[in-house]
Amino acid sequence: MDSADPQLNRFLQQLQAETQRQKFTEQVHTLTGRCWDVCFADYRPPSKMDGKTQTCIQNCVNRMIDASNFMVEHLSKMNGGHV
């Protein structure tokens, strides 16, 4: 099979895009689960989300994203800029 085959290249691009979507979805589920545990410690969400809970979830997600970005940058520096 020739690596310059346009169909193969399209397939590989689609496969890469799907893999990225799956990783993103997995990240969202992970963040949701962790922040749920932090912000709803009794495992019972209120019937209506109040300002305190909404702020908790926003702060939790933001901290998780910050931590993830920090780790990516740190690992990138350790690899000499190659992630």
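Glycine is no exception: its Cβ is also placed from the backbone N, Cα and C atoms.
For CYS35-CYS60 (among others), the entry in Swiss-Prot reads disulfide bond, with the evidence type similarity to another entry. In this structure, CYS60 (disulfide bond) is part of a helix by DSSP. The Cβ of CYS60 (disulfide bond) has 18 other Cβ atoms within 10 Å, all protein chains considered.
Under the heading disulfide bond, Swiss-Prot lists CYS39-CYS56 (among others), citing similarity to another entry as support. Taking a C-beta cut-off of under 8 Å and a sequence gap of six or more, CYS39 (disulfide bond) has these contacts in its own chain: THR53, CYS56, ILE57, CYS60. Under DSSP, CYS39 (disulfide bond) is assigned to a helix (H, G or I) in the three-state scheme.
Among the features that Swiss-Prot reports, motif 'Twin CX3C motif' is placed at 35-60, with the record citing similarity to another entry.
For the motif 'Twin CX3C motif' (35-60), the predicted model reports an average pLDDT of 84. All protein chains shown were included, and the count of other CB atoms within 10 Å of the CB of CYS35 (disulfide bond) stands at 19.
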